[in-house]
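Positions annotated as domain 'FAD/NAD(P)-binding' by TrEMBL: 5-317. Taken from TrEMBL, the feature disulfide bond covers Cys42-Cys47. Taken from TrEMBL, the feature FAD binding site applies to Lys51, Asp302. The NAD(+) binding site feature in TrEMBL is assigned to Gly173, Gly174, Gly175, Tyr176, Ile177, Ala178, Val179, Glu180, Gly261. Taken from TrEMBL, the feature domain 'Pyridine nucleotide-disulphide oxidoreductase dimerisation' applies to 338-446. Under the heading active site, proton acceptor, TrEMBL lists His436.
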Amino acid sequence: MSFDYDLFVIGAGSGGVRAARFAASYGAKVAVAEERYLGGTCVNVGCVPKKLFVYASQFHEEFNLAKGFGWHLGDIGFNWQTLVENKNKEIARLNGIYKKLLTNSGVTLCEGHAIIVNAHTVMVDGKSYTAKNILIAVGGWPQIPDIKGREHAITSNEAFYLKELPKRCTIVGGGYIAVEFASIFNGLGVETTLVYRGELFLRGFDDDVRNHLAEELTKKGIKLKFNTDIVQIDKQSSGTLVTTFNNSEVDETDLVFYATGRHPKLDNLGLENTKIVLNSKGFIDVDKYYETAEPGVFAIGDVVGQIQLTPVALAQGMAVARYLFKPEDYRALDLTQVATAMFSLPNVATVGLTEQQAIEKGYDVQIFDESFRALKLTLTDCTEKMYMKLIVDKTSDKVLGCHMVGEGAGELIQCLAIALKAGATKKVFDETIGVHPTAAEEFVTMRTPRD
Ligand SMILES: Cc1cc2nc3c(=O)[nH]c(=O)nc-3n(C[C@H](O)[C@H](O)[C@H](O)COP(=O)(O)OP(=O)(O)OC[C@H]3O[C@@H](n4cnc5c(N)ncnc54)[C@H](O)[C@@H]3O)c2cc1C
Ligand SMILES: NC(=O)c1ccc[n+]([C@@H]2O[C@H](COP(=O)([O-])OP(=O)(O)OC[C@H]3O[C@@H](n4cnc5c(N)ncnc54)[C@H](O)[C@@H]3O)[C@@H](O)[C@H]2O)c1
């Protein structure tokens with residue numbers, strides 16, 4: 001049977017573009033459908049604009065620190081509209097680059113919403129295309145819980161395009177987006193409250209890291225309200241928002257921002273025309289080759305809900321392209337020891353197991369940790385402390401996990417991830433000569449385990 005394409009990819013985000021380009025480079029005939037924006041979440045309303053906003057929010061603190069080093073600053077001011085306009089220009093430039101990347105690799109771009117008609121047919125805006133294989137890379141979409149007044153709240157999608165910076169902001173959630181945006185808004189001078197329904201935010205991160213970050217964010221003026229949830233939002237005639245909490249407390253704010261997770265974007269995708277099954281969390285179920293229950297239909301990225309990070313979607317995209325079109329180069333993906341960073345101020349970065357996970361897995365753990373004031377702060381009145389922690393298996397001496405809270409943690413963790421992937425022991429860390437004076441050298445100079 002002949003088909004229009006060897007591979008039809010739905011979604012030109014991180015995973016979809018990578019899979020399409022790799023497949024085309026292996027000689028496959030490839031098409032990609034995209035309904036909204038080239039580059040997907042990461043480029044348009046995720047990693048990239050978020051990091052630009054993080055940079056913007058850091059300057060305020062840097063200006064204050066500069067005084068200790070003899071700098072006198074004149075009037076400082078911040079213009080939100082300039083930041084958003086410049087960010088939009090950069091995103092438009094990246095959209096253009098993504099288009100070129102696809103077309104230069106020989107991939108056909110179909111702009112519009114794709115619906116799967118059957119295991120070998122996709123319809124985009126009324127036009128049908130046949131394909132030997134289909135790859136679903138449609139990503140996710142933010143969700144707001146079903147509370148009264150939810151229509152007055154925004155999500156990260158809208159946060160990148162706010163017309164004005166609010167004076168006060170209440171962020172709901174205890175994950176990456178909530179914590180990153182709390183830092184962004186706080187850094188830009190917004191009175192920021194973070195509301196989280198659990199005991200302590202960042203579930204799944206190391207407990208010492210969670211506690212350390214909570215202390216540092218509080219020192220920076222972010223109001224943390226744990227064990228709290230909003231039950232109702234009322235908009236006042238003045239435009240302000242009144243939030244009622246589950247403990248009956250009431251607060252007033254200018255913006256309510258929900259960062260309560262993302263669900264897979266499956267609406268009107270035509271999954272009912274296939275044998276595809278969803279797992280208990282609503283993500284597409286795939287086997288180890290990312291093939292769904294419908295033979296020839298694959299799924300990668302946020303829509304399979306394994307680890308919702310861009311580099312993971314990229315790696316999955318490459319794995320599928322190799323599996324289908326260059327099997328001799330195929331190697332199974334190893335999603336253990338994936339490093340991750342949260343670009344809060346200060347950053348949190350982590351690779352490997354937390355102390356709690358290592359204990360649960362039955363390791364006899366040794367903990368090395370240190371909390372200290374960075375050299376950069378010694379001429380200033382900033383009391384921020386860095387935190388570094390190593391989890392070591394006493395029996396094999398292998399380093400099981402590295403965790404850090406502090407400036408540059410997001411940059412530093414990548415190299416520690418290589419060490420862990422290579423199976424480094426604590427002895428290897430100890431025998432590595434430090435780089436002085438840096439904060440990073442602490443990772444190779446922690447000698448005495450915690451009691
Ligand atoms: C605010 C925020 C910050 C983030 N920061 C980071 C970070 O710092 N580091 C990191 O690693 N990850 C970060 N992430 C996560 C990262 O963006 C995602 O993991 C990644 O984009 C997932 O890639 P994907 O290919 O699965 O989907 P996406 O990038 O979401 O791409 C899916 C594409 O499919 C299109 N689409 C959907 N349905 C259809 C259809 N039926 N027809 C046609 N097209 C369709 C969408 O329009 C979209 O362009 C962040 C996410 C958010 C929301
Ligand atoms: N720096 C990064 O790498 C980065 C940054 C942003 C996002 N991301 C990715 O995007 C994903 C989505 O981010 P996110 O922060 O939206 O999700 P998340 O899953 O990290 O956090 C969601 C938070 O919302 C809470 N929550 C869920 N339902 C709720 C409800 N009904 N009421 C109150 N709270 C509720 C959860 O307890 C959790 O704390 C992340 O899991 C991450 O993989 C990564």
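Glycine is treated like the rest: Cβ placed from N, Cα and C.
Here the features listed in TrEMBL are placed on the structure.
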{"residue": "Cys42", "record": "disulfide bond", "contacts (Cβ under 8 Å, 6+ apart)": "Gly13, Ser14, Val48, Thr310"}
{"residue": "Cys47", "record": "disulfide bond", "contacts (Cβ under 8 Å, 6+ apart)": "Thr310"}
{"residue": "Lys51", "record": "FAD binding site", "contacts (Cβ under 8 Å, 6+ apart)": "Phe343"}
{"residue": "Gly173", "record": "NAD(+) binding site", "contacts (Cβ under 8 Å, 6+ apart)": "Leu194, Val195, Tyr196, Tyr258, Ala259, Thr260, Gly261"}
{"residue": "Gly175", "record": "NAD(+) binding site", "contacts (Cβ under 8 Å, 6+ apart)": "Phe201, Leu202, Arg203, Ala259, Thr260, Gly261"}
{"residue": "Ile177", "record": "NAD(+) binding site", "contacts (Cβ under 8 Å, 6+ apart)": "Pro142, Ser156, Ala259"}
{"residue": "Val179", "record": "NAD(+) binding site", "contacts (Cβ under 8 Å, 6+ apart)": "Leu194, Phe201, Leu202, Leu213, Leu217, Met342, Ser344, Val348"}
{"residue": "Asp302", "record": "FAD binding site", "contacts (Cβ under 8 Å, 6+ apart)": "Thr41, Gly139, Gly140, Arg262, Pro264, Gln308, Ala313"}
{"residue": "His436", "record": "active site, proton acceptor", "contacts (Cβ under 8 Å, 6+ apart)": "none"}
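Listed in sequence order, the binding-site residues among Gly173, Gly175, Ile177, Val179 whose CB lies under 6 angstroms from an atom of ligand 2 come out as Gly173, Gly175, Ile177. Around Gly261 (NAD(+) binding site), taking its Cβ as the centre, 16 other Cβ atoms fall within 10 Å, counting all chains.
Within 8 Å of the centroid defined by the CB atoms of Gly173, Gly174, Gly175, Tyr176, Ile177, Ala178, Val179, Glu180, Gly261, the record's NAD(+) site, lie the Cβ atoms of Phe181, Phe201, Ala259, Thr260, excluding the listed residues themselves. Binding of NAD(+) is attributed in the record to Gly173, Gly174, Gly175, Tyr176, Ile177, Ala178, Val179, Glu180, Gly261, and the widest Cα separation among these residues amounts to 13 Å. A Cβ distance below 6 Å to any atom of ligand 1 is met, among the binding-site residues Gly175, Ile177, Asp302, by Ile177, Asp302. Under the three-state DSSP scheme, Val179 (NAD(+) binding site) falls in the helix class. DSSP assigns Asp302 (FAD binding site) to a helical segment in the three-state reduction. With helix defined as DSSP H, G or I and strand as E or B, the domain 'Pyridine nucleotide-disulphide oxidoreductase dimerisation' (338-446) counts 33 helix, 33 strand, 43 coil.
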